[in-house]
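Contents: one structure, followed by commentary.
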Amino acid sequence: MEEAHNMREIRLREIVVNHAVLSSCLDKCGDCFASEAARIKFDNDIEAIFELKRKRNAVILAHNYQTPEIFHGVADIVGDSLALARKAIDVDADVIVLAGVHFMAETAKLLNPEKTVLIPDMEAGCSLAESITPEDVALLRQTYPGIPIVTYVNTSAAVKAASDICCTSGNAKKVVEALGVPKVLMIPDEYLARNVAKETEVQIISWHGHCEVHELFSASDILQLRENHPGVTVLAHPECPPDVVAAADFAGSTAAMSDYVTTKQPKRVVLLTECSMSDNIAVHHPDVEFISSCNLCPHMKRITLANIRTALEENRHEVTVDAKIAAPARRAVERMLAI
């Protein structure tokens, strides 16, 4: 255990020291080394988390938007929403700590009803999840009878339960077309729905939810980036406005962005998404210049080493889903995973 801790600590220090591109979005990790006392606390948190994972037979699932000290330092499984949902099914542990936002923890619980699922901060929410309620879904069914409802995973379990099938930004087009119908409702992300609609012949009716991180990007941002950084490759998340996606060189989920950088190896690239995405993959691509142009998600940043440690120590913030909601919500998620 000590050797594993030391290796991860060394790796993390290398990230901080050798990759200046991380500095703009590594405020917490930078602060860790601002004083001797902070460094000691940082080291103690890392070591304690590894020991607690061992004692409790726990695993940490971390989203790509988590800070590098979590993503590279303590996480056992990392990925985008789709990857975490798929991998959660096969987790061999008694306890799952979801280093992400609440809807992700609910999804992990839906797929692992017998396991203890913890979220380090119960207030880690999501603007998309908060943009729609089960009552809204019921009204949509009345307004558009017989039309399937495809629900983005960035929603509460209660909204999933009122839906027909889920999707992620990585499989939305595939899910929509797999239904074999001419028209669907896609909720709650308006921009994701509009971007998918451009790629398929299926007619898509959208809701009015937006991601507070991705809605801030604009096509003028891309023009400025290209002017300031000639030859830059622009990757955009499909939660961005359609004119941003149209102006980008590539649009895809965070997993697709990572794969693009790995396979294409652009000389310089900018990721129009949450800041930690670039931070976390830059370490694996020292020959790629990552241009900083990102927005922080305040909800993702509520997760810290300290509250991960507390969650494991005190079994704090256990996630539960009412049985009447869990069964239909699980079906909607499982239908997606089966495609």
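Cβ coordinates come from backbone N, Cα and C, glycine included.
CYS297 is the only one of CYS294, CYS297 that Swiss-Prot places in the [4Fe-4S] cluster site (with CYS126, CYS211).
Iminosuccinate is bound by HIS63, SER81, TYR152, VAL153, ASN154, HIS237, PRO238, GLU239, THR254 in Swiss-Prot, and the record lists one more residue there from SER169, SER220, which is SER169. Reported as a whole number, the C-alpha separation between CYS297 ([4Fe-4S] cluster binding site) and ASN154 (iminosuccinate binding site) equals 14 Å. Around the Cβ of CYS126 ([4Fe-4S] cluster binding site), 22 further Cβ atoms fall within 10 Å across all displayed protein chains. Proximity of HIS63 (iminosuccinate binding site) to non-local residues of its own chain (separation of 6 or more, Cβ distance below 8 Å) is seen for VAL78, GLY79, ASP80, SER81, LEU84, ALA99, GLY100, VAL101, MET104, MET300, given in sequence order. The shortest Cα-Cα distance from CYS126 ([4Fe-4S] cluster binding site) to any of the binding-site residues (TYR152, ASN154, HIS237, GLU239) is found for ASN154.
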